Structures are given as C-alpha cells and as structure tokens.
Amino acid sequence: MSTILIAIIALAVLAAVFGAILGFASIRFKVEADPIVDQIDTILPQTQCGQCGYPGCRPYAEAIANGDKINKCPPGGQATIEKLADLMGVEVEDSAHDLDNKVKTVAFIHEDMCIGCTKCIQACPVDAIVGGTKALHTVIKDECTGCDLCVAPCPTDCIEMIPVATTTENWKWQMNIIPVTDITNQATDATASEPKA
C-alpha cells in the first residue's frame, strides 16, 4: 500500500472515532435549558438592541425567568409586555421607557460626512445600515429600531437620530379599544325570530 492511502485511511478512522466520541458526549453531557426561557425569548422581538440593559434578547429572557421586570423592552412595546405578563402570570406593567410620549426615531447618516469606516454597520444589531469599506453608508428606515447604538461608534458624528413623521402606515392604531359589534349573529337571530307567512 502506498503511504498516501495509509494516511487517508488513518485519518478517516480517527475522524470516525472522534466523531463517535463527540456524538456520545453531546448526548451524555447535554445541558437542559429552562423551557420558560425559550418561551420568553420567542415573545421578545429579537432586535438584540441592548435598550433593556442586557446584551441581547436571550440574556433578558433569562433575567425575566429569574424575576426581573418584564417592561424593559422598547422595541417590543406594550404588546410584548402584555404577552410576557400573560405567560409569567403577573400584572401588566407600564413600559419603563415611557413609550406613549416617546417619538419614534430612526438613524440618518449625513453621507457627505461619512468616511465609510463601517463602525456603524458593526454596531447595528438589526443590519439596518448598508454600505461597504470606504463607501457611503445609508440606513434602511423600515429596518431601523431607533436603538441609538450606531451613533456612539461613528468617528465623524455623521449619524443623527431623526423623528419619524406620523403617517397612516406607522400611526399607533389601537384596535383593541375600538368597540366592534358582531352583527352576523344579530342578523341570523333577527331572521329566525321573524314570523313565517
């Protein structure tokens, strides 16, 4: 047998042995995660913005499971707080960030000042900034959560947080407080109670 063939067979045997050991170890030493943390993490918006004081949504979910407040997520808003309260069996709290009076903002890059350093792209947790090295960067307004994390790393201070104008598309419609009457049952009840001729 040639030396190359022996080396290939030896490497294949070693790979199979180590693969079997790793497969056994992953099953034997598996760490079971808390299912409530997974449920909380599913409810959170996954923006990884850090506005809650934690480095991402998963650490915040773990903190909630350990008793932290459920009202620290600005991108999730009041709807997320209500879902978390329902899941955790606690009272619905008002947001810790005063979301009702806060104007939604998005990042705006003054492209005439941008040097294309990509520091803002690296800081953005939701990939709302596009551009390349030594190229102008721009913000995708619909993707930006307004977390403000891109402003500090910018060496030329060309990023500004600007308020989003309220339109019919982004206005906070409160559908759950508008009284809606189901008239389908009333119509069938009325026709059933009419005397037949």
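From the backbone N, Cα and C atoms, a Cβ is placed for every residue, glycine too.
As given in Swiss-Prot:
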BINDING   C49, C52, C57, C73  [4Fe-4S] cluster 1 binding site
BINDING   C114, C117, C120, C154  [4Fe-4S] cluster 2 binding site
BINDING   C124, C144, C147, C150  [4Fe-4S] cluster 3 binding site
DOMAIN    32-90  domain '4Fe-4S'
DOMAIN    105-134  domain '4Fe-4S ferredoxin-type 1'
DOMAIN    135-164  domain '4Fe-4S ferredoxin-type 2'
REGION    1-26  region 'Hydrophobic'
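Among the binding-site residues listed here, namely C144, C147, C150, C154, C147 has its C-alpha nearest to that of C73 ([4Fe-4S] cluster 1 binding site). Counting only residues at least six positions away in the same chain, the Cβ atoms of A107, I109, I129, H137, C150, P153, C154, I159 sit under 8 Å from the Cβ of C120 ([4Fe-4S] cluster 2 binding site). What surrounds the [4Fe-4S] cluster 1 site, by Cβ distance within 8 Å of the Cβ centroid and not counting C49, C52, C57, C73, is the set L44, P45, T47, Q48, G50, Q51, Y54, G56, Y60, K72, P74, P75, G76 from the same chain. Same-chain residues lying 6 or more positions outside the domain '4Fe-4S ferredoxin-type 2' (135-164) and placing a CB less than 8 Å from one of its CB atoms are 47, 49-51, 74-75, 103-129, 170. When the Cα atoms are compared, C114 ([4Fe-4S] cluster 2 binding site) and C124 ([4Fe-4S] cluster 3 binding site) turn out to be 16 Å apart. Residues of the domain '4Fe-4S ferredoxin-type 2' (135-164) grouped by DSSP class, helix first, strand second and coil last, total 0 helix, 7 strand, 23 coil.
Long-range neighbours of the domain '4Fe-4S ferredoxin-type 1' (105-134) within the same chain, counting only residues 6 or more positions beyond its ends whose Cβ lies under 8 Å from a Cβ of the stretch, are 47-50, 56, 140-141, 143-164. For C147 ([4Fe-4S] cluster 3 binding site), the same-chain residues 6+ apart in sequence whose C-beta sits under 8 angstroms from its C-beta are T47, C49, G50, Q51, P74, P75, P125, V126. The residues near the [4Fe-4S] cluster 3 site, meaning same-chain residues not in C124, C144, C147, C150 whose C-beta sits within 8 angstroms of the mean position of the site's C-beta atoms, are C49, A107, C120, A123, P125, V126, A128, I129, V139, T145, G146, D148, L149, in sequence order.
Annotated [4Fe-4S] cluster 2 site C114, C117, C120, C154; additional same-chain residues within 8 Å of its Cβ mean position, judged by their own Cβ, are I109, I115, G116, T118, K119, I121, H137, C150, P153, P155, T156, C158, I159. Across the domain '4Fe-4S' (32-90), the prediction's mean pLDDT works out to 88.
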